[in-house]
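Note sheet for the following structure.
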Amino acid sequence: MTLSSRIFFSKTITLLKPRFLFYPFSTHHHKHDAVIHRFRFSVNQHSLLRDLNSVKDRPLAAFGLFRWAEKQSGFHGGYIFMRSVYRFMEKAIDAKIDGVVLDVLVTGAVRGGGGNNLEVSVKLLDLLLWVFTKKSVLEKCLRIFYKMIHNGLLPDVENCNRILRLLRDRNMMNGTKEFYSVMVVCGVRPTIVTYNTMLDSFCKQGEVEQAMELLYMMPKLGCDPNDVSYNILVNAWSRKRDFVRAKELIEEMLKLGLKVSAYTYNPLVCGYCEKGMFGKVDDLGVEMSDSRALPTVSTYNAVMDGLCKSGRVIDATGFLDIMESKNLKPDLVSYNTLIDGYSKLGHLREAFSLFGKLIKKNLVPNVVTYNTLIDGFCRLGDLDDARRMKDYMIRHGPHPDVFTFTILVWGFYKMGNLSMAKELFDEMQHRGLQPDCFAYRTRRVGELKFGDPSAEAFGMQEEIEAKGFPLDLITYNVVINGLCKLGNLDEADKLVQEMLYNGIVPDHVTYTSIIHGHLMAELLEEARDLFDKMKEKGISPSVVTYTVLIHSHAVGGMLNHAIAYLNEMENKDVLPNVITYNALINGFCKEGKMDEAYNFFRGMEKKGISANKYTYTILINENCNLWHWQHWQEALRLYREMLDREIEPDSCTHSALLKHLRKDYKSQAVKLLENVISGSE
DNA sequence: TTGAAGATGA
């Protein structure tokens, strides 16, 4: 917003004039003059607005009033009546006379012969444009924009930027580029905001390289990139999980003396957290405090979410206190994140205790909070309580949404209660909620996975299709994956044929499912063939594809193959994750090659990928298998290390550790062990 | 921050 327009909208308009008799405007409307003449106005804002209301159904009268306001604004130096005029524009749009207003303003400006009048007309056109950008009515904005420039009138660059943002948000890259060229050719001088919007458009389209080109071209275009420009690109590389390039840009920012902030670091923190690279997150934390880019509540929320997603909910909860100690107030998102963490683990008691805590802190649970808890009930198979909670929401609010119902529908499908699933789906619609693609997919997957592929389900498919949601790739993937997991490779193959027939191209997820299915059926050669076929078709294998291949080959003792896959993925910049490393460590342990296993263990940590309970269990198990004093010591050391790092062992870890003890001693032994370890600190 | 879904340990 320019300074002047800020003045327009912040000033309260109190200027009063005695009375004002309205006179019509240009001559070609004179046959309606009689209508317009009947309007008299006292000149203060309230009556003006009242009058605008009263003429809403009479476009021409309203238009006359508008002309009057226009003259007033010109007369009083341009800002006195802007707020009224703004309200008028909104009303004109409601009354669908904005087209007339546009025409007259443009012709008025053109005929008016320049000067003050022209300036006012352009201001008013900009105001009209502003109203439409605020309403996100792109089509109208473009119409006004093009009409203006065709008549030699230049819209305000701020409005152009707003239109660019609308184009960006609709992913219309070509439209964005075209609009940018037109505005520049017509003489609108781009600002840093224009360029930053363009950068963001490129990034949102995945064309980050193009954005980089623009970034480095900006100085030549007479506009040096600022911190926001860099933040956009750091964000883009982080989203692409190319952390190296993201970091390079941050270093460049520091070198250039640009301001780094939480906005710069948060996307990177999010990326590392999502990948479970908590070592890197720690490093970033240090770097942030060094460069005075202090973490915000969002930063901590991202870390907490990452920890929850890797099962470290207790660590995540610890951040509530850490935040408080730094004078940051955990917000509803913080609590929702933790509640979700506990709900997903089935620890509803903790989830509800947090629910109580957030209320004590005067935060108000929202629909997400409730949905998360309902999901927790569903995961435990407690559909009664899940449904009761939904009914509570209907009575007391917040009102259930499409998420609420989708969660419940899926919950009932998983319990095999198809009729309740359908009932809730119908209830959602009866309550006026419009199912989205998630909801429809859930219904389809539910029927395909848990129901009979009967005629009724078939009818449902057509019904959904008629609503504009055709069977899509994700639905096929979900079902194909389910079949592969059950070992039903023939049925899975049939579905692949069917999706091809329907013109849907299998992607890396489809292939990974089928490859995995073959691997589990010990059809390694076929799996390798499928892998080659997938690459021939130009489908890039993902980290999951490589991981399932590495796992099966490593477990089968084919360590050379496993290593070859690891090298291949690293050459293709597909980053291995903790599961990939676990598969390798597991394979090398099984072959008794402990040195190599430990090398991978150290290597992953060096890359910032933290070991998890599986990693430790594999190593502990192998050390215990060796059944030798030194190895037993090593197993204990590992166990202690994982406790130190607050990685919670589970029953698997314990039985690995105590595999040589008799069963009756085991539970006692675990307690003893905890004592020994904590006592020796 | 919530809904369907591809992978790991005894």
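The backbone N, Cα and C atoms fix where each Cβ goes, glycine too.
Note that TrEMBL annotation is computational and uncurated.
What TrEMBL lists as repeat 'PPR' is A:191-225, A:226-260, A:261-295, A:296-330, A:331-365, A:366-400, A:401-435, A:472-506, A:507-541, A:542-576, A:577-611, A:612-649.
Here the repeat 'PPR' (A:296-330) lies next to the repeat 'PPR' (A:612-649) in space: the count of CB pairs under 8 Å, restricted to residues six or more apart, reaches at least 3. Taking DSSP states H, G and I as helix and E and B as strand, the repeat 'PPR' (A:331-365) has 27 helix, 0 strand, 8 coil.
For the repeat 'PPR' (A:577-611), the partner stretch with the most Cβ pairs below 8 Å, chosen from A:226-260, A:261-295, A:401-435, is A:261-295.
DSSP assignment over the repeat 'PPR' (A:366-400) gives 27 helix, 0 strand, 8 coil.
Residues 192, 195-196, 199-200, 203, 206, 208, 211-212, 215, 218, 267-268, 270-272, 275, 280, 291, 293, 575 of the same chain, all 6+ positions outside the repeat 'PPR' (A:226-260), place their C-beta atoms under 8 angstroms from a C-beta of that stretch.
Remark: secondary structure over the repeat 'PPR' (A:577-611) totals 26 helix, 0 strand, 9 coil, with classes taken from DSSP.
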